[in-house]
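Colleague: Next up is a structure, given as structure tokens.
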Ligand code: HAM
């Protein structure tokens with residue numbers, strides 16, 4: 001009983017009208033990645049489980065599709081691309097030309113709780129730069145992410161980048177007395193700022209051994225917006241001032257790259273993944289009604305952890321789900337584009353033989369052409385031509401067959417002209433068929 005089957009929850013079917021959206025996004029992704037000089041790569045969708053448990057962060061690990069394969073290996077469907085990238089680069093680190101600028105568009109799998117903008121599979125553009133420690137690379141990446149949004153039609157009133165720096169945060173937290181070995185746990189709490197009540201956050205921080213002053217300082221820090229406010233608060237603490245200077249230099253590059261108007265400094269952003277070490281950022285719809293469109297940052301120790309290679313690295317992931325929602329909200333998604341070049345209509349057995357031959361000649365010349373598989377009345381065939389969005393109908397009726405000709409009709413104007421059968425392709429190529 002085939003009708004009993006449905007797709008799994010959180011997994012999508014891409015009917016042609018849905019695929020149009022996916023193709024639109026991947027086209028923009030590829031185009032911008034190319035403009036920034038990135039090369040495309042891919043890896044396997046299934047990896048050893050430990051690749052993720054080692055450093056991905058709790059949330060993602062809880063969401064893993066994991067199982068034991070028939071050889072007894074613990075494996076998982078990839079929930080993100082970064083560990084695979086680190087593994088691949090680690091394996092060839094010496095041979096690869098640096099800096100590495102790579103991009104990929106993997107389908108990823110996470111067993112998420114059902115919520116808007118979160119599915120159990122999604123496509124995610126990943127752009128990563130490996131081998132550059134300087135913040136100039138951080139600026140380059142955020143510029144690429146923002147340029148993708150611009151290419152999709154969004155402006156600075158519709159999409160915002162929120163930037164923070166884990167080194168700045170670490171310096172401030174160190175200054176207010178948070179021990180180094182608690183930093184990661186504190187980031188975990190900060191990451192939930194938007195999602196949890198203040199008293200609950202305070203409780204969690206207290207549970208990590210922070211005293212009341214430190215808790216107050218942490219929450220105050222995360223409320224910091226803008227580099228001026230940051231300087232006013234912590235500019236006189238030397239260890240923090242150093243990290244602010246770096247962030248300032250980053251902002252200068254961001255300005256030179258022409259995307260400063262999209263960028264806000266926001267110390268409440270830490271990112272959920274455990275491997276980030278420096279500047280981190282997320283892109284959000286300006287109204288903050290949806291989830292993050294994109295997230296990424298610097299992860300300077302991950303390559304060492306999974307690839308045994310000490311190399312600076314940074315990157316971002318941008319998913320198709322939220323981006324498509326945002327573009328839909330602003331009316332920026334393309335319409336379904338059907339449309340073929342030619343519909344070859346025929347009558348009678350001899351007409352059909354010629355139709356097949358003409359269709360093949362058109363296809364070999366690069367035009368799209370279809371014909372009826374089952375002969376119907378000419379009127380019905382022309383109706384199909386219209387429904388398929390055909391630009392031209394090539395008509396092979398009894399009279400045309402008789403004298404070895406074809407009628408070429410513009411579907412938009414109805415204008416017709418008659419050409420010799422062997423000249424059909426030429427007539428189209430010359431573009432002298434008036435079809436507007
Ligand atoms: P992430 O923040 O987990 O980062 O995911 C990046 C983006 O992928 C999110 O902002 C969101 O648009 C999309 N996304 C994530 N999970 C889902 C889901 N369940 N359904 C729909 N969309 C989703 C990473 O994955 C990092 N590995 C990115 C990165 C690359 N960092 C450095 N390089």
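Backbone N, Cα and C define each Cβ position, glycine as well.
For reference, TrEMBL lists these features for the protein:
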type    : residues                                 : note
BINDING : 80, 81, 82, 110, 124, 128, 271, 275, 276 : L-histidine binding site
DOMAIN  : 1-334                                    : domain 'Aminoacyl-transfer RNA synthetases class-II family profile'
Colleague: Excluding near sequence neighbours, so keeping only residues 6 or more apart in the same chain, what lies with its CB under 8 A of residue 276 (L-histidine binding site)?
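Modeller: Long-range Cβ contacts: 166, 270, 297, 298, 299.
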Colleague: Of the binding-site residues 80, 82, 276, which ones put their CB under 6 Å from ligand 1?
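Modeller: Checking each Cβ against ligand 1, the ones under 6 Å are 80, 82.
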Colleague: Please work out which residue of 82, 124 has the most C-beta neighbours within 10 angstroms of its C-beta, and give that one of the binding-site residues.
Modeller: 82
Colleague: Does DSSP give residue 82 (L-histidine binding site) helix, strand or coil?
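Modeller: Where residue 82 (L-histidine binding site) sits, the three-state DSSP reduction gives helix.
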Colleague: Across the domain 'Aminoacyl-transfer RNA synthetases class-II family profile' (1-334), what does the mean pLDDT come to, as a whole number?
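Modeller: Average per-residue pLDDT within the domain 'Aminoacyl-transfer RNA synthetases class-II family profile' (1-334): 94.
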Colleague: Record lists 80, 81, 82, 110, 124, 128, 271, 275, 276 as binding L-histidine; longest Cα-Cα distance in Å?
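Modeller: Of all Cα pairs among the recorded L-histidine binders, the widest measures 21 Å.
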Colleague: Taking the Cβ of residue 80 (L-histidine binding site) as the centre, how many other Cβ atoms fall within a 10 Å radius?
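Modeller: Other Cβ atoms found within 10 Å: 19.
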